[in-house]
């Protein structure tokens, strides 16, 4: 069990690591050779030029201006100076609202920390309960609720603080939900024209023996949305072609590498082995080999393109349907199209750069099976991850380590080594075990068949949060408490075990303190250093870059990484809310995380990250819901903890809190969430009216013509083969169609043998 000395060693290591990372960043960002690594967003916007152009040779690589080094911390105030409105214009609403998550953490926990240290810490410290109990504990645990005597009236202070913390958290969440929903509506109202504002994604288009998917979609919407339908773009299954394009780009990179290598040393032609991983097989000329490989792929690529054009099976039963107005698109996206709710399914189309094209070819009937398989796989992933979590907890138990490796006992018993093991090793081990998890969860989300990058990230974030709750939070508490109090469990009567657990759970705060310092202090400081992108950029710059365009492609600005970062933030909310009443000593460590992370990520969003999409803060209901979940969990755990401390009479008083919190969440969901799910028709009509008044002659059809063409087709000579269908005249009375089973001509149906009434006949009958 970690003591104050162990926590001090861990704090020293992590603070030193954070300072080293920040100083290294402050130095490296000033060097001209690294400018594209630490300011790529400005290059992508065309607002910054490389400082390496012109001047002395040394100045192209090293900053010789000594005065600039005296202002090495100037990036911190610079990151805070940009106003929020300007930040939204510069980086988008998603980025600005994401930063508000850190601000919420500060708004919630600053008052809670002050109140907890003023009220609860003195109440907990002025007891000697743990001294008389036969359980492992440290001085830190004397600051927790574990040090309160069984059945003491001092628990009234904790009850009052639980109410105060709940009401304050709900107030902050209510204000933030109102602010963010207002920001979203204002952003949508002021946003420039985008293709997704006029476009709906239609899926599960029923097959027709007489018409293609494109003709069928055009006919359906001309009949059912005659005044608003504009054009449509069918979806092609181009996944195989996309793989070929990706493979060709990889081959081109190798060809560029060997050509540059040969240009630098023309005496020797570079060679490569054609076998597995380039380590086996016959040795051939590298330039000729990759040139022939590119020619082979180009030939296969041309054949695949021709196949996609001619083969009707390459068209999937889905289409991007565009309308003349936002109002028409909103009506279509938010209503049921037919009496059969399983066909002609409509939803708002993601913006073009947000579309995840690989999943559009998945038949919608397969989605339920896929999600069931992933749900089962996710359950077993959670279950089997208990093993490494238990191992991590065993690292915090010195006695267990000494029993496993008794020959290391003299080394382990050294004060410095012991403090390192208990105060630092468990946190870093847990972080290592979690490194690959976001990639695994993202893969699982892709298998589920979601069609946009933003929805993939939100689904992956939900999985990650569930995993962190069950494995990192509950798993660490249960496994850690069992390992530390094993002797107590074995040498006491059964009716005393719940009481011992109630005492042991607050003691796991020391483990979470070490984790917060490793992940939330050193980890965040390491984020701004960008060591991996720095190394990769210079490797590409040296081996692959020929032109300025190549150098621009070598930049890796990255993005926020909502799928991995947001669940981690939610874990800190969970820890803070759970331990605010139980062990307030953890709160300052969480406050430092929120403060440091807000400054670091604000700098990264302004200068580095290039967000892949813009969802107008569609993720906020999930953020709000997870904080509410953490609050309810903290209330239930506190209720259970008091029941083991002889304060069972407080149960009715505490049961009020989760009930009130649940109905508060329900109120927020009904009041604010519709703004994140539906697009108000009033707003759509207002924006359409203003736009028609300002640009009466705007050619919307041309603007939308190539918006939703698969990226592998864009820029090709045969672009027009995949562009949206030609517009049908709006004043056409009858809708042209090839269908034999149509309702708009008197031609008999081949399916039922009877005559179908024409559209004019139906209208006349209705008038009569």
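Heads up, the Cβ atoms here are built off N, Cα and C, so glycines get one too.
TrEMBL assigns the feature transmembrane segment to residues 424-443, out of the candidate ranges 424-443, 444-463, 484-503, 504-523. TrEMBL assigns the feature transmembrane segment to residues 647-664, out of the candidate ranges 647-664, 665-682, 683-700, 701-718. Among the ranges 12-30, 31-49, the one that TrEMBL lists as transmembrane segment is 12-30. The stretch with the most CB contacts under 8 Å to the transmembrane segment (155-174), chosen from 12-30, 101-123, 372-391, 424-443, 647-664, is 101-123. With a cut-off of 8 Å between Cβ atoms, the residues of this chain six or more beyond the transmembrane segment (101-123) that come close are 143, 145, 148, 154, 157-158, 161, 164-165, 168-169, 172-173, 176, 566, 569, 572-573, 576, 580-581, 584-585, 587-588, 590-591, 593-595, 597-598, 601, 623, 627.
Through the fold, the transmembrane segment (424-443) approaches residues 9-10, 13-14, 378, 381, 385, 388-389, 391-393, 395-396, 456-457, 460, 463-464, 467, 472, 476, 511, 514-519, 523, 561, 563-564 of its own chain, all at least 6 residues removed from its boundaries and within a Cβ separation under 8 Å.
Among residues of the same chain six or more beyond the transmembrane segment (647-664), those with a C-beta under 8 A of the stretch's C-beta atoms are 151-152, 155, 159, 162-163, 166, 170, 174, 628, 631-632, 635-636, 638-639. If you look at the transmembrane segment (571-601), the same-chain residues 6 or more away from its ends with a CB under 8 A from one of its CBs are 18, 76, 79-80, 98-99, 102-103, 105-106, 108-110, 112-113, 116-117, 120-121, 124, 140-141, 143-145, 158, 161-162, 165, 169, 465, 468-469, 472-473, 505-506, 509, 512-513, 516-517, 520-521, 524-525, 527-528, 560, 626-627, 630-631, 633-634, 637-638, 641.
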